[in-house]
Amino acid sequence: MTENWQGTRLRYAVVVLILVLGSALAVLDPILYGKMVDVIVDALRDQHPETIVSGVAVLLALWIGVFVINVTLNIVGRYIFWKAGNILGLNFACSAVRDMLSWSRQRFSRLSTGRTVKVFDQAWEALFWVPGDIVEQVIPTVLTFTAVVIAGLILDWRLTIASLIMLPIAIWLGYYGWKKARPKQEQLDHRWAALSRHVGESIGNISVVQDYAQEDRRARTFASLMRQVVVRQLRMNVFWALFHGTGSTLTLLGRAAVFIVGVYLVANGSTTLGTLITFLGMLNYLLSPIQHVIGNSLPRMSMGVSHLRLYTDLADEINDLKERDDAVPLKKIVGDVELKGVHFTYGDQSRATLLGIDLTIPAGTSCALVGPSGAGKSTLVKLINRTIDPTRGCVHVDGKDHCLYTLTSLRRHIGVVTQDTYLFHDTILNNVKFVKPNATEREVVHACKMAQAHDYIRRLPNGYRSIVGERGVKLSGGERQRIALARIFLADPPILVLDESTSALDSETEHRIQQTLKEVMKGRTSILIAHRLSTVYLADQIAVMERGKIVDIGTHDELIKKGGLYDRLWSLQSDGYIS
């Protein structure tokens, strides 16, 4: 369950308050050390060693008290901080995934799965790094630095000036490192994303890789990409190593400056030994944190900001499909579908895929789309459930522009089965139930029987609880397609879209499923696409498409009498047609 930003911001505010208190207490640590040294030195100088124990005991008790309070604050602060960080990460992950699931399929087609997952994963990790370094390193360093400088000026302004000699160089070094590293890190991140894309494509297309014996070539390409990444990563590592070394040198020079000036002041009696020891101790809270920020936090923050930038670039890309702000849920549906003057052009193409489509499909009737490959049939059915939106024209469902309805409510009333079957790495039972999570096992079995899938599922070792593998790799193409049909039978939508839904089936199984489909299609709006005309000739109307246009429309008998493209296609297949 996500939590709003207000609560998370309050937690970060509490952490900052704890850091302020911790920084103030941290300054007391070297001051108490110095005071204890002065007590010992003064007692020995005045030849009153008996006062050492009493004087040091009080200071030691204070030091222990400060230590306990500081440790307690540190534990509480870290707990609150990490809780806030985890909530922030949870909110980001939930929001990002919900946002990605709303991206159009055209948008996904421009991206690679491997790169998208890598960018998301890195951005999620960066949400821990960047706030972590800011809250745990940068803010404490600034607060402690301020407290140390104030305390130092009160104790001895000369030693304070000596301790700050290297500060301008350290600040300039941090700015220089950040400026130089950011573009280099972004280039490196792009290389890592390309590498992830290559691995994702190789695994996702492993059948093609192995069928064409391309394992060695893909491995060599990976090795080449990996070498490029490693070379650039090593350059970044060397850059930050030199940077870290320079920071260490500045810290050493700062200590040397304080020590030299301090010894001189102690020697001429201008300050006490305890004050010098206090300053040497305070340098741990002054120079060391700055060195850590420069050498460790800046590289991590540079990397984290780069990762977040990659994600925002990805997330800010314009979505091809937008839901209107005033969209309303589609609660009941009759099933009338009408396309009016529809044109469509894919974003990366200059030639239109659909040109002036006018088509009316009355509720409860069936319409088949036939024509050669590339005629625009699949594109047309994608318009109905708003997988894509027309470039020009409109699509009406029950007499209203379907853009007036929310996407989820519209799609719940439209069932789609395509020739590309998508299954999850899960059981057959859960894959069928995906469209209706609350369905009973009896309902699933009934749907599978309708899809002619029950018999082969029953023969599997684990039956309906058999894992199908990623994308259903453990099943044949025909078996996967029957699972997809079982889904649609279980969902029982008012509008059916069947795009080559039986293309992977053998003739006998296809014939049996066609008998089932005839029963299922009765009384519901159905749109069918098939190259085998034996599956569509009984449709109430057949729209013949060619080059993005509907060139003819009618029943099977009417189109045969007219001649034309449908008659030619039918003649090519009629020898193999069994009535």
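From the backbone N, Cα and C atoms, a Cβ is placed for every residue, glycine too.
A TrEMBL annotation is a machine prediction, not a hand-curated record.
The feature domain 'ABC transmembrane type-1' is assigned by TrEMBL to 13-296.
Residues or ranges marked as domain 'ABC transporter' by TrEMBL: 337-572.
Counting same-chain residues at least six beyond the ends of the transmembrane segment (12-32), those with a Cβ under 8 angstroms from any Cβ of the stretch are 59, 62-63, 66-67, 69-70, 73-74, 76-77, 80-81, 84, 131, 135, 139-140, 143-144, 146-148, 151, 155, 277-282, 284-285. According to TrEMBL, the feature transmembrane segment maps to 12-32 (among others).
For the transmembrane segment (52-73), the residues of the chain that approach it from at least six positions outside its boundaries are 18, 21-22, 25-26, 28-29, 32-33, 35-36, 39-40, 43-44, judged by C-beta separation under 8 angstroms. Residues annotated as transmembrane segment in TrEMBL: 52-73 (among others).
For the transmembrane segment (138-155), same-chain residues at least 6 beyond its ends with a Cβ under 8 Å from one of its own Cβ atoms are 16, 19-20, 22-24, 26-27, 31, 163-164, 275, 278-279, 282, 285-286, 289-290, 292-293, 297. According to TrEMBL, the transmembrane segment annotation covers 138-155 (among others).
Annotated transmembrane segment per TrEMBL: 161-178 (among others), in sequence order. Same-chain residues lying 6+ beyond the ends of the transmembrane segment (161-178) with a Cβ under 8 Å from its Cβ atoms: 149, 152, 239-240, 243, 246-247, 250-251, 253-254, 257-258, 260-262, 279, 282-283, 286-287, 290-291, 293-294, 298, 301-302.
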